[in-house]
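Engineer: Please find one structure pasted underneath; my questions will follow.
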Amino acid sequence: MALAEAAPAKVNLHLHVVGCRADGYHLLDSLAVFAGAADRLRYRPGGPLTLHLDGPEAGALSAEPDNLVLRAARLLAEAAGVAPQGRLWLTKVLPVASGIGGGSADAAAALRLLDRAWGLHWGTRRLAPLAAQLGADVPVCLDSRAARMGGVGGTLTDAPALPAAGLVLANPRVPLATPAVFRAREGGFSPEASLPAAWADAAAMARDLARCGNDLEAAAIRLCPAVAEVLAGLRGLEGCLLARMSGSGATCFALFADPRGAEMAAARLPATWWRWGGGFTEGASKPYSAP
Ligand SMILES: C[C@@](CO)(OP(=O)(O)O)[C@H](O)COP(=O)(O)OP(=O)(O)OC[C@H]1O[C@@H](n2ccc(N)nc2=O)[C@H](O)[C@@H]1O
Ligand SMILES: Nc1ncnc2c1ncn2[C@@H]1O[C@H](COP(=O)(O)OP(=O)(O)O)[C@@H](O)[C@H]1O
């Protein structure tokens with residue numbers, strides 16, 4: 001029996017750059033939610049630590065000697081004073097370097113999985129400082145629960161209660177490096193978004209989010225004009241309530257009234273794009289055993 005964890009995609013429903021730290025990292029305000037689209041990580045005990053990659057998006061990582069999963073595993077082993085061991089399989093479904101935090105989700109899934117597999121049982125609260133060392137997006141991926149991100153990304157507070165809604169994700173299959181997009185950003189800083197405690201339905205959520213933005217979107221379009229085509233494609237879908245880029249791109253999302261409508265809408269997008277339709281995940285990905 002193998003242990004397994006899902007690593008769901010993070011989607012930034014808005015992303016305001018509110019300041020800059022002395023070390024060049026940006027201060028952010030973002031509402032992050034999690035989609036049903038996910039990578040998958042499995043583990044079997046025995047032998048030294050190894051990682052095997054498969055899945056439709058694995059090719060983009062074949063030349064990656066220091067996969068975030070292995071970095072997370074080594075960091076946890078060192079912090080816990082145990083020998084890193086066992087065989088890991090990563091099934092890569094989420095496009096790499098695409099603004100939906102696939103690598104961060106994989107790193108967070110590795111921390112959760114190996115916390116159980118190695119009998120540590122630290123839980124996500126004690127794993128959080130390790131997550132922050134692995135990347136700005138890894139802390140929010142640890143619980144994979146909708147949250148308001150502050151600071152450089154790791155200061156997490158409650159998200160508004162989310163309504164049932166549909167979500168479409170689309171990526172033009174052009175990788176975008178996060179540092180390059182931050183560097184290309186022009187203009188000053190935005191205020192933090194003002195959001196309610198809860199939304200009654202997807203239309204109300206889209207109306208409020210329309211008053212916010214993604215401060216990296218214009219820079220990403222300059223570096224990768226295909227982002228504008230994806231946004232136009234999403235906005236042309238019947239039932240689209242709001243379309244915007246996620247994170248540093250190039251993946252864009254669209255909100256719909258319900259998951260079934262989103263699933264059907266995604267199928268109408270160009271087949272040359274990576275596309276997915278469904279709903280938000282309920283919260284933390286549930287650990288499970290796989291055959
Ligand atoms: C922009 C966001 C929004 O959620 O998402 P993605 O586009 O990566 O999905 C994240 O802040 C990305 O988080 P992550 O990808 O973990 O970033 P890191 O590895 O920590 O940093 C990569 C680089 O991005 C820039 N960076 C990142 C976070 C931040 N708050 N300010 C920054 O300026 C820095 O140039 C840094 O060297
Ligand atoms: N398991 C992994 N999945 C994705 N990217 C990884 C992984 N391990 C290392 N990386 C590196 O991390 C970078 C950021 O990846 P990713 O999290 O997919 O991007 P983003 O944060 O923009 O969504 C990639 O360019 C890749 O070089």
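Yeah, the Cβs are placed from backbone N, Cα and C, and that goes for glycine too.
A TrEMBL annotation is a machine prediction, not a hand-curated record.
So TrEMBL lists the following for this protein:
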- Lys10: active site (ACT_SITE)
- Asp137: active site (ACT_SITE)
- Pro95, Val96, Ala97, Ser98, Gly99, Ile100, Gly101, Gly102, Gly103, Ser104, Ala105: ATP binding site (BINDING)
- 67-142: domain 'GHMP kinase N-terminal' (DOMAIN)
- 205-272: domain 'GHMP kinase C-terminal' (DOMAIN)
Engineer: Filter the candidate list Lys10, Ala97, Gly99, Gly101 of recorded positions, keeping only entries whose CB is under 6 Å from an atom of ligand 2.
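Structural biologist: The ones that qualify, in sequence order, are Ala97, Gly99, Gly101.
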Engineer: Once near-sequence residues are set aside, which residues in the chain of Ala97 (ATP binding site), 6 or more away, have Cβ atoms under 8 Å from its Cβ?
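Structural biologist: Expected: Ala60, Gly103, Pro175, Leu176, Ala177, Thr178.
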Engineer: Just give the helix, strand and coil counts over the domain 'GHMP kinase N-terminal' (67-142), going by DSSP.
Structural biologist: 46 helix, 7 strand, 23 coil
Engineer: So which recorded positions out of Lys10, Pro95, Gly101, Ala105 end up within 10 angstroms of Asp137 (active site), measuring C-alpha to C-alpha?
Structural biologist: Lys10, Gly101, Ala105
Engineer: Measuring Cα to Cα, how many Å separate Gly99 (ATP binding site) from Lys10 (active site)?
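Structural biologist: Here the two Cα atoms lie 8 Å apart.
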Engineer: If you measure Pro95 (ATP binding site) to Lys10 (active site) at Cα, how many Å is it?
Structural biologist: 12
Engineer: From Ala97, Gly103, Ala105, Asp137, which recorded positions have a C-beta atom under 6 Å away from some atom of ligand 1?
Structural biologist: Asp137
Engineer: Can you name every residue in this chain, apart from Pro95, Val96, Ala97, Ser98, Gly99, Ile100, Gly101, Gly102, Gly103, Ser104, Ala105, with its Cβ inside 8 Å of the center of the Cβ atoms of the recorded ATP site?
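Structural biologist: After dropping the recorded site residues, what remains is Ala9, Lys10, Leu94, Gly247, Thr251.
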Engineer: As a test of the contact definition, list every same-chain residue at least 6 positions from Gly101 (ATP binding site) whose Cβ is closer than 8 Å to its Cβ.
Structural biologist: Ala9, Lys10, Asp137, Val140, Cys141, Gly247
Engineer: Within 10 Å of the Cβ of Pro95 (ATP binding site), how many other Cβ atoms can be counted across all chains shown?
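Structural biologist: The Cβ of Pro95 (ATP binding site) has 25 Cβ neighbours within 10 Å.
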Engineer: Under 8 Å between C-beta atoms and at least six apart in sequence, can you list the same-chain neighbours of Ala105 (ATP binding site), or say none if there are none?
Structural biologist: Ala7, Pro8, Ala9, Lys10, Ala38, Asp39, Leu94, Cys141, Ser144
Engineer: I'd like the number of other C-beta atoms within 10 A of the C-beta of Gly99 (ATP binding site), please.
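Structural biologist: If we count other Cβ atoms within 10 Å of Gly99 (ATP binding site), we arrive at 31.
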Engineer: Taking DSSP states H, G and I as helix and E and B as strand, how many residues of the domain 'GHMP kinase C-terminal' (205-272) are helix, strand and coil?
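Structural biologist: The counts are 30 helix, 10 strand, 28 coil.
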Engineer: On the three-state reduction of DSSP, what should I expect for Lys10 (active site)?
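Structural biologist: Going by the DSSP assignment, Lys10 (active site) falls within a strand, counted as strand.
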